[in-house]
Amino acid sequence: MNKFAIVLAAGKGTRMKSALPKVLHQVAGKSMLAHVLKSVSEVEIAKNVVIVGHEADRVIATLPKGTQFVKQVEQLGTGHAVRIAADLLANEEGATLVIAGDTPLITGETLGALFDYHFAQKATATILTAIAPNPTGYGRIIRDEKGSVEKIVEQKDANDFEKSITEINTGTYIFDNKSLFKALTEITTDNAQGEYYLTDVIEIFKKAGQTIAAHILDDFDESLGVNDRVALSQAEGTMRKRINHEHMVNGVTLIDPATTYIDSEVTIGAETVIEANVTIKGNTFIGKNVLITNGSRIENSEIHSNCEVRNSTVEESRMSVGSNVGPYAHLRPGTVLSEEVHVGNFVEIKGSTLGKGTKAGHLTYIGNATVGEKVNFGAGTITANFDGKNKFNTEIDDFAFIGSNSTIIAPLHIGKNALTAAGSVVTEDVPDEAVEIGRGKQVNKLGRAKKMPHYRGQ
């Protein structure tokens, strides 16, 4: 049987107190809507329709290519939101999943089990329910004396007895598609909110003698709907625990999972060790047997096997096998370290490629440079690559030795096996195997110090 999906992403999210549409707030580096769409994609959906409304264009811009969407111009309730998908889905034969775009913790495994249960029960509607420790704010599942689902009552419409019920509606359903769209033509706004409730179709089905099933979630956390920043932080914490657990099961050592923040799209190889207070974000790849020490931050980068990142920041950069950085180094966007490169204390590199075995041990800035193999940078080396308007490139060939406190005024080229003397200001190309000395001659003026303000006498 064909499977369809409707993802509800039209709400403003007033309680978020944000200019950003609620479904675009991020959990573990990815929008809540993106998490939901990923889970939906795991159950072989034939047609997926996203309902957009508030800030529709911003939401549409984030959708995967080819995703169908419908704009809900007026937010008149969940029933209305589903009904406006009729032109795309009403005539289809099959089962339709309806899910909110602010439920980032729901898994593809759960959705697959929900479809299986729906088909096994031969139901017209199947509700994903959960037993809530505190059901306040949720719609309650009302069952008859035989235990069958009778209806769903929203919090604002519930009486005291109904409010005491702990089985709640998670807001995720599967319906027989044609039955759903027929029932949606019968719902009204006769309720406390003055809205078209999707949940009213359950009562319509029940009165028609159709089968209503309820599948109870094993993990209540999956049902979390995010309506404010408190719930957003709860979702973030739960997702982080889930992500960290998966990495540890796959052979990654996390010294302190409670202070380790790893985004959902990060890949990490076995035998890697990650110390406390580490943040790894975006589409980052980390290979096998990597050490990442306390306080490091890595974002959208590739760190290949046997590398070390010690108390450092790596952004949009690539570290090849066996290279190491830190402590307190900063690889800025566009940096590429070849194999066995060493970048040490207080070194900043941007938009540069360093060849195999090159070393920049301390207190160095390398920007817009192409550096060969086994080049040595002395402490205090600066590539002066910016004149206030334009950036300029520096080329340094294999085996060059850059003396301490050298200032390299780009654009220029330093040849193979060349050497710059310590303290040089390099303003011209340096040929292969040449020694460059670009500093003023030292002059000692004997006795002159006695006339200087610092002088303290014998």
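A Cβ is built for glycine as well, from the same backbone N, Cα and C atoms used for every other residue.
Remember, it's a predicted structure, so these values are computed and weren't measured experimentally.
For HIS362 (active site, proton acceptor), other Cβ atoms within 10 Å of its Cβ number 18. Annotation comment: Swiss-Prot describes HIS362 as active site, proton acceptor, evidence class sequence analysis.
For the recorded site, ARG332 (UDP-N-acetyl-alpha-D-glucosamine binding site), the DSSP three-state label reads coil. According to Swiss-Prot, the UDP-N-acetyl-alpha-D-glucosamine binding site annotation covers 8-11, LYS22, GLN72, 77-78, GLY139, GLU154, ASN169, ASN227, ARG332, LYS350, TYR365, ASN376.
In sequence order, GLY11, GLY13, LYS22, VAL23, MET32, LEU33, VAL36, GLY225, VAL226, ASN227 are the residues of the chain that are 6 or more apart from ASP102 (Mg(2+) binding site) and have a CB within less than 8 Å of its CB. Under DSSP, ASP102 (Mg(2+) binding site) is assigned to coil, being neither helix nor strand in the three-state scheme. The Mg(2+) binding site annotation in Swiss-Prot covers ASP102, ASN227 and is backed by sequence analysis.
Per Swiss-Prot, the feature region 'Pyrophosphorylase' maps to 1-229; the stated evidence is sequence analysis.
Beyond the ends of the region 'Linker' (230-250), by six or more residues, the same chain brings 16, 25, 27-28, 32, 35, 104-105, 221, 224, 257, 260-264, 266, 268, 270 to within a C-beta distance below 8 angstroms of the stretch. Residues or ranges marked as region 'Linker' in Swiss-Prot: 230-250.
For 251-458, the entry in Swiss-Prot reads region 'N-acetyltransferase'.
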Counts of helix, strand and coil residues, the region 'Linker' (230-250), according to DSSP:
20 helix, 0 strand, 1 coil
Among the binding-site residues ASN169, ASN227, which residue has its Cβ surrounded by the fewest other Cβ atoms within 10 Å?
ASN227
Rounded to a whole angstrom, what is the C-alpha distance between GLY77 (UDP-N-acetyl-alpha-D-glucosamine binding site) and HIS362 (active site, proton acceptor)?
61
Count, for each of the binding-site residues GLY77, GLY139, the other C-beta atoms lying within 10 angstroms of its own C-beta, and report the residue with the smallest count.
GLY77
Let me make sure I understand the structure: which of the binding-site residues listed (LEU8, ALA10) has the fewest other Cβ atoms within 10 A of its Cβ?
LEU8
Going by DSSP, give the three-state secondary structure for LYS22 (UDP-N-acetyl-alpha-D-glucosamine binding site).
helix
Select the most exposed residue of LYS22, ARG332, where exposure means the fewest other Cβ atoms within 10 Å, treating these as the binding-site residues.
ARG332
